[in-house]
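**Student:** Sharing a structure below in structure tokens format, with a few things to ask.
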Amino acid sequence: GTSRQIPQTIIIGVRKGGTRALLEMLDIHPNIVVAATEVHFFDWDENYVKGIDWYRNLMPFSYGNQITIEKTPGYFTSPQAPGRIHDMNSSIKLLLILRDPTERVISDYTQVYYNRVESHKPVQLFEDIVVKNGVLNTKYKAIQRSLYDVHMEKWLKHFSLDQIHIVDGNTLIKDPLPELQKVERFLNLPSQIMSSNFYFNQTKGFYCIRSDGRERCLHESKGRPHPLVNSTVLEQLYSYFREHNAKFYRMVNHSFDWH
């Protein structure tokens, strides 16, 4: 009685915003099934040309009363993704998880840093990448990805605001349940996720998941310690994002506790 369904909901981003945590926490819900890997269908041309049947075949089997969700954080910043998703399903519900843009930049750097160390490639200090000749390097991809207003503008050309639910990534990590209950309401699902589904792991310093008699934490690559960043550089980042954040708050009729 199961079949593979095209997702009725997609987590569109943002990279290093908490997309994996959100997906794994939603997977607790009996009416949700999730794709195991990031599919990159709508943002990578070489996958998009393979067609919708190729995409569907990457989805898990589900029952008729279940919602299929996939997550690819690269969708949010992709110029093509909004139009392509709209062409597939103009009434789809989208989940966007965001965190403080400066924190996101540092987290983005941290992931690349560890990947380079593990591959025995040379690494640069955060400050040396972010600041060039005393001026903020706004062309740095990690900074570009944190311009939420610029990317959101593209999505709002194709989707109404009530089709996009924004999850507060900073809050999800500190207190998951309220954010997940908002998602349940947005997806018109019965309230099934409970506080007993989470426990705080003192060693890791964040919440882990308890469901179906099993306990699991996010992969060790998640929640890595960030480098200590020079306070002057932090101030430059806060200052640069301030106007973009204010514009984003106006766009979505909601403000966040960001610097």
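In case you wondered, yes, glycine gets a Cβ from its N, Cα and C as well.
Predicted, not measured: the structure shown is a model, and the values here were computed from it.
What TrEMBL lists as active site, for sulfotransferase activity is Lys16. Summarising the annotation, TrEMBL assigns 3'-phosphoadenylyl sulfate binding site to Lys16, Gly17, Gly18, Thr19, Arg20, Arg99, Ser107, Tyr207, Lys222, Gly223, Arg224, Pro225, His226. Residues or ranges marked as disulfide bond by TrEMBL: Cys208-Cys217. Among the features that TrEMBL reports, domain 'Sulfotransferase' is placed at 7-244.
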**Student:** Residues with Cβ closer than 8 Å to the Cβ of Ser107 (3'-phosphoadenylyl sulfate binding site), same chain and 6+ apart in sequence?
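**Tutor:** Counting only residues 6 or more apart in sequence, the Cβ neighbours of Ser107 (3'-phosphoadenylyl sulfate binding site) under 8 Å are Lys16, Arg99, His226.
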**Student:** Excluding near sequence neighbours, so keeping only residues 6 or more apart in the same chain, what lies with its CB under 8 A of Arg224 (3'-phosphoadenylyl sulfate binding site)?
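**Tutor:** Same-chain residues close to Arg224 (3'-phosphoadenylyl sulfate binding site) (Cβ under 8 Å, separated by 6 or more) are Thr110, Gln111, Tyr114.
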**Student:** Let me spell it out: for each of the recorded positions (Lys16, Arg20, His226), count the other Cβ atoms within 10 Å of that residue's Cβ, using every protein chain shown. Which one has the most?
**Tutor:** Lys16
**Student:** Compile a sequence-ordered list of residues in the same chain as Gly18 (3'-phosphoadenylyl sulfate binding site), six or more apart from it, whose Cβ lies below 8 A from its Cβ; state 'none' when nothing qualifies.
**Tutor:** Ile97, Arg99, Val167, Gly169, Leu172, Ile173
**Student:** What whole-number Å value do you get for the CA-CA distance of Cys208 (disulfide bond) and Arg20 (3'-phosphoadenylyl sulfate binding site)?
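**Tutor:** About 12 Å separates the two Cα atoms.
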**Student:** Could you state the whole-number distance in Å separating the C-alpha atoms of Cys217 (disulfide bond) and Arg20 (3'-phosphoadenylyl sulfate binding site)?
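**Tutor:** Approximately 11 Å lies between the Cα of Cys217 (disulfide bond) and that of Arg20 (3'-phosphoadenylyl sulfate binding site).
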**Student:** Around the Cβ of Cys208 (disulfide bond), how many other Cβ atoms lie within 10 Å? Please give the count over every shown protein chain.
**Tutor:** 16
**Student:** 10 Å Cβ neighbour count around Cys217 (disulfide bond)?
**Tutor:** 16
